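Colleague: Sharing a structure, written as structure tokens. Questions coming.
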Amino acid sequence: MEQIIFPVPGICEFLTKETKYRLFTTTEQDEQGSKVSDFFDQSSFLHNEMEWQKKLRSMPLMYWFSRRMTLWGSISFNLAVFINIIIAFFYPYVEATSMGVLDSPLISLLFWILICFSIMALFTKRYGVRPLLVALILRSIYYLGIGLTLNILGALNLTNKIVFVVSFVGNRGTFIRGYKAMIMDVEFLYHVGYIVTSVLGLFVHELFYSILLFDLIYREETLFNVIKSVTRNGRSILLTALLALILVYLFSIVGFLFLKDDFILEVDRLPDSKAKDDPLGMQRNVETFVESCSSDKISCSAAPTALEAADPEQWERACDTLLMCIVTVLNHGLRNGGGVGDILRKPSKDESLFPARVVYDLLFFFIVIIIVLNLIFGVIIDTFADLRSEKQKKEEILKTTCFICGLERDKFDNKTVSFEEHIKYEHNMWNYLYFIVLVRVKNKTDYTGPESYVAQMIKNKNLDWFPRMRAMSLVSNEGEGEQNEIRNLQDKLNTTMKLVSHLTSQLNELKEQMTEQRKRRQRMGFVDVQNTMNH
């Protein structure tokens, strides 16, 4: 590896903090766990954004608006909340005025309380200007009326959202990327839809403002993950729902063929319904039910006694056609905790089809309610748990893994360079981006050797020039460690050689002594004498 020192191009200072944060938190890992591939793919877009931000500095007004994009977004959401609170409390406006809500002295008292609270909030900087805004809205309702106040707030919200979109375009440079890129930009289309909804609420009907509350999903990542838990495995959920519809269709066929007379539902008719004009209509339905029971030789003794004594308009046959059977089973069967059996006629144990009804109700309960519906809920819950685990893992990787080389924090334990120093100085991700920008903006004839090499690698989209699982500080530490080991071995070898020399000298001295003793023995005569003396 080689360390390169280069001048940072002046255009790199126009990269915004929002873009840096978005790139750092949203860059995805590849199959090998490296973020360099996605980082490199976004380098061209980041370079174009730097160029746009440089042009934006020459337009002071647009730059001022674009720098406060977060503020405009918060104002839009708060205005949408206040508008919907007014609609919820006072719509329709004529009835609210006639009830004396606006003429109550509590409005004036609440106004002054909020004014005092807002002054305190401005000093503490905890709640901001929201209490003051609420006080002004109440005062406007008291003097101008609900309708005019709502129109003023709607116009302010529309104007503020247009300013937000201008800020959004100013930050992203959406227009310079062409109309195709604008159409493919989901965030831009979302904000345009917000403006259209605001226009509908201002000029068509006030209730369109309720749609603006869905902006909370866009602002909160937790709610966005809740929606993703449904849409991420949408195909599995749709296939399971299709299985549920098939089962409902089969149970509807069985009910139509054998149990159509058990589908007697209690209804609450409107006073001005046709049943009031034709009181004998439901009576004919009851008579039809009795005749059907007699013709099919089914015992009707277990029919509800209330069917004979109560008002005939309270009962209705719900399975005279297969379509009505399907609608009834789908509507009432899935919404009742015990299945479709909860809304059917309660049969007597003496009826011939009583065992069939028990099997029918239990099968629907176990198959559709317990198994199929819980399969759908299980897919959603598991997906939400996976999203939460992925988020936690992603946050852990951001905290403990180098963006460039992929080395983890524990690799720098007990080293001369800490992990924080490594990601700030050695492998600063923005320095790599600035180097890529330098290679692209610099004249090819002025390239140095390493710059020519990197330029060729960028042209071929080869990322081998990025260090992977390596760092200069660790390599130097490893080299120093090897040198220390060699020195220790050398010292041990020298000690061993000295010991061997000492032992060799002693051995030589011993050999000389042995030789001298042999020579002495050669000069002497030795005889063996046998001792024959008797003691």
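Yeah, the Cβs are placed from backbone N, Cα and C, and that goes for glycine too.
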Colleague: Please identify the range among 276-295, 336-355, 516-535 that TrEMBL labels region 'Disordered'.
Modeller: 516-535
Colleague: Count the CB pairs under 8 A between the transmembrane segment (136-156) and each of 69-94, 192-217, 237-259, 362-385, then give me the winner.
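Modeller: Stretch with maximum Cβ contacts: 69-94.
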Colleague: Apart from its near flanks, which chain residues at least 6 from the ends of the transmembrane segment (192-217) lie with a Cβ under 8 angstroms of it?
Modeller: 76-77, 80-81, 83-84, 87, 91, 150-151, 154-155, 157-158, 161-162, 165, 223-224, 227
